[in-house]
Amino acid sequence: MDGDGISSATPTEEMNGSGNLMDFLDEPFPDVGTYEDFHTIDWLREKSRDTDRHRKITSKSKESIWEFIKSLLDAWSGWVVMLLIGLLSGTLAGVIDLAVDWMTDLKEGICLSALWYSHEQCCWTSNETTFDDRDKCPEWLKWAELMTGHSEGAGAYLLNYFLYILWALFFSFLAVSLVRVFAPYACGSGIPEIKTILSGFIIRGYLGKWTLLIKTVTLVLAVSSGLSLGKEGPLVHVACCCGNLFCSLFSKYSKNEGKRREVLSAAAAAGVSVAFGAPIGGVLFSLEEVSYYFPLKTLWRSFFAALVAAFTLRSINPFGNNRLVLFYVEYHTPWYMAELVPFILLGVFGGLWGTLFIRANIAWCRRRKTTQLGKYPVLEVIVVTGITAILAYPNPYTRRSTSELISELFNDCGALESSQLCDYYNNPNMTRPVDDIPDRPAGPGVYTALWQLALALIFKIVITIFTFGMKIPSGLFIPSMAVGAIAGRIVGIAVEQMAYHHHDWIIFKNWCRPGADCVTPGLYAMVGAAACLGGVTRMTVSLVVIMFELTGGLEYIVPLMAAAVTSKWVADAFGKEGIYEAHIQLNGYPYLDQDEFTHRTLATDVMRPRRSEPPLAVLTQDSTTVEDVETLIKDTDYNGFPVVVSRESERLIGFVQRRDLTLAIKNARQKQDGVVSNSVVYFTEDAPQLAPNNPQPLKLRRILNLSPFTVTDHTPMETVVDIFRKLGLRQCLVTRPLPLHSLLIH
């Protein structure tokens with residue numbers, strides 16, 4: 001680069017530089033090239049360091065058999081890490097599922113034959129359980145029956161009610177206390193922070209061992225307390241903690257933040273794989289929703305990690321149905337084209353619900369951050385849990401766990417179903433197969449269930465707004481799906497009854513004959529769940545794949561796609577941000593989203609310093625003293641400094657990171673004799689000509705980036721933003737040809 005113009009480098013030259021971009025092979029100072037907390041990594045530098053490391057291993061592998069074996073181990077280390085992540089995240093998910101089942105039922109009663117059995121497991125093992133009363137068995141006692149000997153009556157109901165609230169308060173208090181004392185980062189869903197970390201931001205401790213342990217324990221407590229939250233989002237955080245844990249075992253990943261993020265992307269896929277029993281959906285979720293940099297190699301490894309995690313969970317069999325998922329359904333009738341209208345209407349509802357939820361939740365979270373409310377996280381959790389438990393217990397659809405509720409709403413009404421939702425009037429002369437029951441008029445149980453579901457819908461919509469974002473682990477997938485599933489089931493029953501009573505209407509005449517099984521209300525619940533989840537998160541492709549893996553409803557991809565796309569269109573009309581992007585913005589994390597840059601500005605309009613501000617802080621290549629450097633570091637808070645030939649010329653030589661500079665000078669003062677405050681710091685190959693009585697100079701060329709990324713001052717900002725996104729730059733230098741000044745974009 002000279003004063004007359006600027007020579008540009010191709011991406012390959014940018015990475016490799018002339019000979020060696022960063023000259024990091026010998027690591028002259030400890031911790032040089034690392035990053036401080038709450039700073040952004042330099043993707044180009046990390047890529048360069050990995051290229052240099054790989055080149056060194058390849059060249060040494062030809063020297064001896066041992067070096068060749070080491071190179072093979074290095075090549076296989078990625079697959080070993082994926083295997084370990086899959087095994088641990090699958091095991092933890094299985095343990096969490098089993099513990100949640102047991103502790104959720106503990107709020108209502110206990111199994112006398114084996115205290116560690118949930119209600120369902122207890123009655124499975126009983127020899128006295130009848131088919132009609134499959135939920136009742138002598139071994140399972142509610143608390144009132146255990147304490148007073150009475151299972152019926154107002155006194156027993158009130159005692160059960162009181163103990164339900166007491167258990168819920170105890171679980172939530174324990175969860176928020178553990179989070180507050182041992183691992184503050186274990187709260188929330190974790191996905192906004194995972195997205196930020198994968199984009200290159202450093203949040204130390206967020207994926208640490210303590211966070212993993214406390215999040216696993218408190219997730220069980222939070223879900224068991226009956227709050228309107230799910231475990232699926234936090235399981236992504238748990239899996240990423242597992243990934244970070246195993247990264248520390250291999251220097252290839254522990255010493256390179258860019259490589260570490262490849263592992264974390266695969267871990268996120270494993271997390272969704274075990275959360276929903278959807279390995280392919282997990283890979284697509286990581287690609288579509290959380291990952292910033294997702295090369296093809298990471299795709300294969302994510303697939304492997306998700307496969308191992310799903311296999312491990314299946315081996316544990318936490319749901320006792322020999323399947324990966326709780327919501328597996330089998331519908332016996334196809335869907336018809338006319339049904340696309342209610343499916344699209346459910347998509348509209350999902351988009352509107354997503355918009356309402358995001359705006360209301362962000363407003364509440366902002367209020368929490370800016371008022372006294374944020375100072376009392378324990379009290380907030382206790383109050384919300386108390387209100388949730390008091391309002392949830394009287395309604396059977398809100399009293400049970402949200403996962404069980406969704407499972408019941410998805411179910412098709414067969415001849416053997418005993419649910420209120422399946423209380424239809426049967427035709428005594430019916431001789432059709434059991435699996436092909438025609439549409440029937442709704443009985444009193446269905447109408448009772450409908451108004452209870454309507455109340456549950458209002459309750460879930462309101463309480464979820466206040467629950468998400470509290471200082472406990474809280475996922476959003478399951479509550480969003482519950483809202484959609486309730487709305488979908490109500491719509492499905494309405495369409496079913498219309499088709500039965502008005503089968504001669506033109507919309508039903510062509511496809512719904514009297515006595516036929518035309519409408520499946522459970523399918524509407526499934527479509528509604530997808531629509532609401534899509535409206536909140538703005539997922540599309542991964543959402544549809546997760547839903548059909550979750551339910552086994554491969555035939556119903558088109559209704560799911562129609563609802564998902566409609567909900568995204570409707571929600572995007574009110575704002576482009578999903579809930580995770582909104583929380584990233586609320587917390588002030590530095591995340592560069594993929595939306596188009598619409599402002600018509602140039603680099604010169606955005607660069608720092610502005611024309612009215614003091615000149616840019618720079619270092620000269622061979623005339624700055626140690627004291628000058630230390631003063632500059634003390635008086636400024638920049639992440640790095642351009643190095644120029646001299647104050648007069650200001651021709652750009654390179655760029656040096658603030659942390660590297662601080663560590664290098666500190667290390668030199670401790671270990672290098674003769675380095676004092678007035679020692680000259682130089683970044684050239686040869687030492688400058690100094691007077692004989694001058695102290696020993698300090699050479700810092702090793703920490704100098706000789707090929708920083710530069711643009712001219714007339715480069716459009718949309719191009720600059722695109723460069724930041726695609727190359728993952730930490731900073732970009734702006735140069736002007738005549739005279740040449742270097743300025744800095746942060």
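Keep in mind that glycine also has a Cβ here, set from the backbone N, Cα and C atoms.
Predicted automatically and left uncurated, TrEMBL annotations should be read as such.
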Exercise for the section: Would you mind telling me which of 203-223, 308-328 TrEMBL tags as transmembrane segment? Expected result: 203-223
Handout entry: Contact between the transmembrane segment (76-100) and the transmembrane segment (340-364) (3 or more Cβ pairs under 8 Å, separation 6+)
Key = no
Handout entry: Of 161-183, 263-287, 376-393, 449-469, 476-495, whichever stretch has the most CB pairs under 8 A to the transmembrane segment (523-548)
Key = 476-495
Exercise for the section: Would you mind splitting the domain 'CBS' (607-671) into helix, strand and coil residue counts from DSSP? Expected result: 24 helix, 16 strand, 25 coil
Practice task
Give me the stretch from 161-183, 203-223, 235-251, 263-287, 449-469 with the greatest number of Cβ pairs under 8 Å to the transmembrane segment (340-364).
Solution key: 449-469
Fill in the blank from the handout: For the domain 'CBS' (607-671), the averaged pLDDT of the predicted model is 85
Handout entry: Among 161-183, 203-223, 263-287, 376-393, 449-469, stretch most in contact with the transmembrane segment (476-495) (C-beta, under 8 angstroms)
Key = 449-469
